[in-house]
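Encoded as structure tokens, the structure appears first; notes follow it.
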Amino acid sequence: MMIMKIIFVLYFTILLPLALAQLKVGFYKTSCPRAESIVKAAVQKRFNTDKSITAALLRMHFHDCFVRGCDASILIDSTNQSRSEKESGPNLTVRGYELIDEAKKALEKVCPSKVSCADIITLATRDSVVLAGGPSYDVPTGRRDGRVSNINEVNLPGPSLSVSQAFQSFKDKGLTMDDMVTLLGGHTVGVAHCFFFSGRLTNFQGTGKPDPSMDAGLVTTLKGICGNGSNPTAFLDQGTSFSFDNEFYRQIRAKKGVMKIDQELTDDRLSSGIVSRFASNANLFRTRFAQAMVKMGNIQVLVGNAGEIRKNCRVINSK
């Protein structure tokens, strides 16, 4: 146990700062000057026909960074020899892979083997947030792609966890409670399949009644959406569903959190104060969200000669 604690301390006090020092804004300025504009163009094209892509990319980025770090391991397809992260339960509803493929294909034509898939995810997510009305922020780049993707390593915090349980996963990645509440604010443009919250609508914890912490009107609305049995999706922000703003925090303060973890943010003393501040101060949320996204994007990154630059984001390069 003591050895594990020492390793943990060394990572966050020595190795993480070293990695951050090797990432920098404008990393591709010389090697691929058009890198960021090419990614932006691909995102813009998709956003023009599908505004839900912002939520999809935010989820992809989060799921990637919380397993082996931000190394694009989530993009790797399974093979006959191994099952990748894509096949894990939490990742079965992750989407947006074809957008990353499109950006990578365009980049390979201009700058072969220069821009990592990990950086494409990070840049594309930022660009989609901006298009949805969210903050614009500089993204340090220079990540390299991982060569491992294992279904058994996927252990993501689920929507039914308590605030303290969910926070443990964030804390393990070097993130604070403020970071967690901030990043969950991305749900302002999010959706969730009914199976993630249906237990709150009818027989909550065996009571035979809906979750008392959910607004009765929202219960009725969600029952109407989820009643056909096909597991459709519902907006996590019932107010301004496609706009990146602080409405999510106002909604959960009004007992309109769709997922259990969202509602508990405003009910738990560990996070309620942060929720209140963001609900009343949109600019504060925008500023903190940009900071938290940059911080999350630096989790366990591969830099220098570590990893590789994949030619195809779905396939590890041949040795």
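Indices start at 1 and increase along the chain as displayed.
Every residue, even glycine, has its Cβ placed from backbone N, Cα and C.
Note that TrEMBL annotation is computational and uncurated.
Annotated features, as they stand in TrEMBL:
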SIGNAL    1-21  signal peptide
DOMAIN    22-317  domain 'Plant heme peroxidase family profile'
DISULFID  CYS32-CYS111  disulfide bond
SITE      ARG59  site 'Transition state stabilizer'
ACT_SITE  HIS63  active site, proton acceptor
BINDING   ASP64, VAL67, GLY69, ASP71, SER73, GLU85  Ca(2+) 1 binding site
DISULFID  CYS65-CYS70  disulfide bond
DISULFID  CYS117-CYS313  disulfide bond
BINDING   PRO157  substrate binding site
BINDING   HIS187  heme b binding site
BINDING   THR188, ASP237, THR240, ASP245  Ca(2+) 2 binding site
DISULFID  CYS194-CYS226  disulfide bond
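Cβ-based neighbour count (10 Å, all protein chains) for ASP71 (Ca(2+) 1 binding site) stands at 29. The recorded positions ARG59, HIS63, HIS187 differ in how many other CB atoms lie within 10 Å of their CB, and the one with the most is HIS187.
Within the same chain, residues at least 6 positions away in sequence whose Cβ sits under 8 Å from that of CYS32 (disulfide bond) are LEU107, VAL110, CYS111, LYS114, VAL115. Counting neighbouring Cβ atoms within 10 Å of each of the disulfide-bonded residues (CYS65, CYS111, CYS226, CYS313), the lowest count belongs to CYS111. Long-range neighbours of GLU85 (Ca(2+) 1 binding site) (same chain, six or more residues apart, CB within less than 8 Å of its CB): HIS63, VAL67, SER73, ILE74, ILE76, ASN91, SER149, ASN150, ILE151, GLU153, VAL154. Restricting the recorded positions GLY69, ASP71, CYS117, CYS194, ASP237 to those with a CA within 10 Å of the CA of HIS187 (heme b binding site) leaves ASP237, listed by sequence position.
Taking the mean position of the Cβ atoms of THR188, ASP237, THR240, ASP245 as the Ca(2+) 2 site, the remaining residues of that chain whose Cβ falls within 8 Å of it are VAL189, GLY239, SER241, SER243, PHE244, ASN246, GLU247, PHE248, GLN251. The Cβ of SER73 (Ca(2+) 1 binding site) has 27 neighbouring Cβ atoms from other residues within 10 Å, across all protein chains displayed.
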